[in-house]
Amino acid sequence: MAKIGDIDVGDFPLLLAPMEDVSDPPFRALCKEQGADVVYTEFISSEGLIRDAAKSVMKLDIYEKERPVGIQIFGAILESMLRSVEIVEASGPDIIDINFGCPVKKVVSKGAGAGILKDIDLMVSLTEAMVKHTKLPVTVKTRLGWDHDSIRIVEVAERLQDVGCKAISIHGRTRAQLYKGDADWAPISEVKNNSRMHIPVFGNGDVDTPEKAMEMRDKYGLDGAMIGRASIGYPWFFKEVKHYFKTGTHCAPPTMTERVEAARRHLQMSIDWKGEKLGVFETRRHYTNYFKGIPNFKEHRMKMVTSDDSGSVFAAFDEVLEKFEDFQFAAY
Ligand SMILES: Cc1cc2nc3c(=O)[nH]c(=O)nc-3n(C[C@H](O)[C@H](O)[C@H](O)COP(=O)(O)O)c2cc1C
């Protein structure tokens with residue numbers, strides 16, 4: 001049974017990865033309904049939070065139904081990170097997660113995200129200060145290292161644990177790799193096999209089939225899997241992994257009716273939460289996967305991703321349901 005601080009997160013929990021403009025309250029709710037054990041917000045800038053920037057503050061919205069939920073923050077300046085811990089605490093999350101893995105230039109160039117992998121002492125001292133500044137469990141999400149020649153993740157994870165980090169999620173790529181190549185889970189397994197490690201070690205990167213999740217558990221011996229891209233437009237992934245763990249077989253994929261219903265709810269919840277314009281815009285990236293596998297779908301997809309008003313998108317859903325109601329989706 002894995003525990004993050006005092007929070008029991010079950011046996012081999014499946015965690016929804018923090019994803020910018022994806023892991024928002026509507027999507028987190030859908031993933032939670034489909035079996036995600038822990039969900040994280042997208043990363044939130046500590047500098048944005050202390051400036052009270054509306055966009056950053058809105059990202060703090062969390063709901064009872066999604067617990068346990070972690071709010072992820074990033075930054076490299078101690079004072080800003082500590083102040084943002086206070087701001088984050090006020091929204092009542094269960095976990096505070098620190099992003100030490102974002103590879104994007106504008107984040108890294110300020111020494112934040114994966115940029116901190118060049119200064120492990122700072123990474124450890126920031127974590128320690130944040131742990132001391134809150135009663136909430138602090139977790140870390142990071143990558144294997146800055147580049148292939150500087151991978152010291154076993155030592156780094158141990159040092160983070162020693163200053164009070166309560167769980168670590170490791171994306172099996174370096175910053176230099178960005179998203180290229182395959183994620184390497186062997187170094188994550190080495191972190192787990194370090195006899196001094198006692199906090200949960202969650203694996204991340206390329207888990208896109210139930211078999212891979214099982215491999216992460218059984219072959220690599222990790223404590224849970226953090227799932228990102230495989231869930232975009234496919235919140236059923238969590239349920240499918242759990243079904244596979246239980247039965248060794250794949251469950252039937254969601255029907256067309258279920259997909260349209262989920263897409264509708266997703267869009268409606270997004271509009272309710274962030275307004276018509278952003279709601280329509282930011283839900284677009286999910287439609288490809290909601291309807292993946294349907295032949296000659298381009299015309300319908302184009303309607304969904306180019307319409308600026310929700311009425312046209314809802315109408316496109318209705319059309320799709322009418323035309324493809326009996327379409328048989330393939331399992332893996
Ligand atoms: C669209 C997108 C946005 C992301 N935003 C974040 C983020 O805000 N914070 C973070 O720690 N990682 C972020 N990531 C990285 C993911 O959390 C995850 O580490 C990565 O996608 C690898 O996992 P996967 O192969 O399961 O997708 C993002 C990834 C994607 C695809």
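Each Cβ is built from the backbone N, Cα and C atoms, and glycine gets one as well.
What TrEMBL records for 15-308 is domain 'DUS-like FMN-binding'.
Reduced to three states, the DSSP call for HIS171 (FMN binding site) is strand. Taking a C-beta cut-off of under 8 Å and a sequence gap of six or more, HIS171 (FMN binding site) has these contacts in its own chain: GLY101, LYS141, THR142, ARG143, LEU144, ALA183, ASN204, GLY205. Taken from TrEMBL, the feature FMN binding site applies to GLN72, LYS141, HIS171, GLY228, ARG229.
In the shown protein chains, 23 other C-beta atoms lie within 10 A of the C-beta of CYS102 (active site, proton donor). If you look up TrEMBL, you'll see CYS102 marked as active site, proton donor.
A C-beta separation below 8 Å, combined with a sequence spacing of at least six in one chain, links GLN72 (FMN binding site) to PRO18, TYR40, THR41, GLU42, PHE43, ILE44, ILE96, ASP97, ILE98, ASN99, LYS141.
Here the binding-site residues are LYS141, ARG229, and the one whose Cβ sees the fewest other Cβ atoms within 10 Å is ARG229. There are 19 other CB atoms within 10 A of the CB of GLY228 (FMN binding site), with all protein chains counted. Across the residues annotated as binding FMN (GLN72, LYS141, HIS171, GLY228, ARG229), the widest Cα-Cα separation comes to 17 Å. Note: the Cα of GLY228 (FMN binding site) and the Cα of CYS102 (active site, proton donor) are spaced 14 Å from each other.
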